[in-house]
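The block underneath contains the structure these notes are about, expressed in structure tokens.
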Amino acid sequence: MTHAIRIAPSILSADFAKLGEEVRAIDAAGCDWIHVDVMDGHFVPNITIGPAVVKALRPHTTKVFDVHLMISPVDLYLEAFAEAGADIITVHPEAGPHTHRTIQNIKALGKMAGVSLNPATPAKMLDYLIEDIDLVLVMSVNPGFGGQSFIESQLRKIEAIRKMIDKTGKDIRLEVDGGIDVNTAPRAIAAGADVLVAGSATFKGGPDHYASNIAALRG
Ligand code: DX5
Ligand code: ZN
């Protein structure tokens, strides 16, 4: 199933001193989802935000909160993110041994479940998960930081996962995250992605540019 392209700005590139205002600005600028990068300084070499911040941001928009958890362990924190207002909760199989259980836990909380693969993780990792999830997130950079360059080999992975998804006949989103800009966005879309995360490319130039930045990513 192919969907309209969705743009999910990563607030990692926003001004953290005024996050509420930034979320309202990207909402008004026409984004589809709000991508929230949660990092723990353990699974990835950076620390960002936790459930308290997600909760504080929730009243600022009605758009989908697409919460990308780069934390280990993860299960302990699912309920807090669900209660804080996450709509989609995406986890990394590289961060723990029980991804299937984690997916079940996310579903039990009434949320959409996503699985994210690091650049070195093969598409095959999804073989026994794909039927049970709502979203696949392909990392096109190594997770941890915004502003990195797109890793070309991930286009092949997106192509492979697009085939897997279509084979299921289910409504599963294929999202790409890292190094997405006006040059890489059309290539990721051509490979089969239907949700584009963009941090630097959305927030560059400040609020006056958000609408044109987002429009440019749609192609
Ligand atoms: C990286 C994060 C990304 C990142 C994307 O670990 O998951 O969402 O913020 O940033 P850009 O779009 O600047 O590559
Ligand atoms: Zn992310």
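Including glycine, each Cβ sits where the backbone N, Cα and C put it.
Because TrEMBL annotations are produced automatically, they should be read as predictions rather than curated entries.
The annotation substrate binding site is assigned in TrEMBL to S10, H68, G144, F145, G146, G147, D177, G178, G179, G199, S200. Long-range C-beta contacts of S10 (substrate binding site), restricted to its own chain and to partners at least six residues apart, with a cutoff below 8 Å, comprise H35, V36, D37, G146, D177, V197, A198, G199, T202.
Summarising the annotation, TrEMBL assigns divalent metal cation binding site to H35, D37, H68, D177. Taking all protein chains in view, 27 other C-beta atoms sit within 10 angstroms of the C-beta of D177 (substrate binding site).
Here TrEMBL flags D37 as active site, proton acceptor. Reduced to three states, the DSSP call for D37 (divalent metal cation binding site) is strand.
DSSP classifies D177 (substrate binding site) as strand under the three-state reduction. Per TrEMBL, the feature active site, proton donor maps to D177.
Taking the centroid of the Cβ atoms of H35, D37, H68, D177 as the divalent metal cation site, the other same-chain residues with Cβ within 8 Å of it are A8, S10, L12, V36, D66, T90, L137, V197, G199. For the pair S200 (substrate binding site) and H68 (divalent metal cation binding site), the Cα-Cα distance reads 17 Å.
Distance between Cα atoms for G144 (substrate binding site) and H68 (divalent metal cation binding site): 11 Å, as a whole number.
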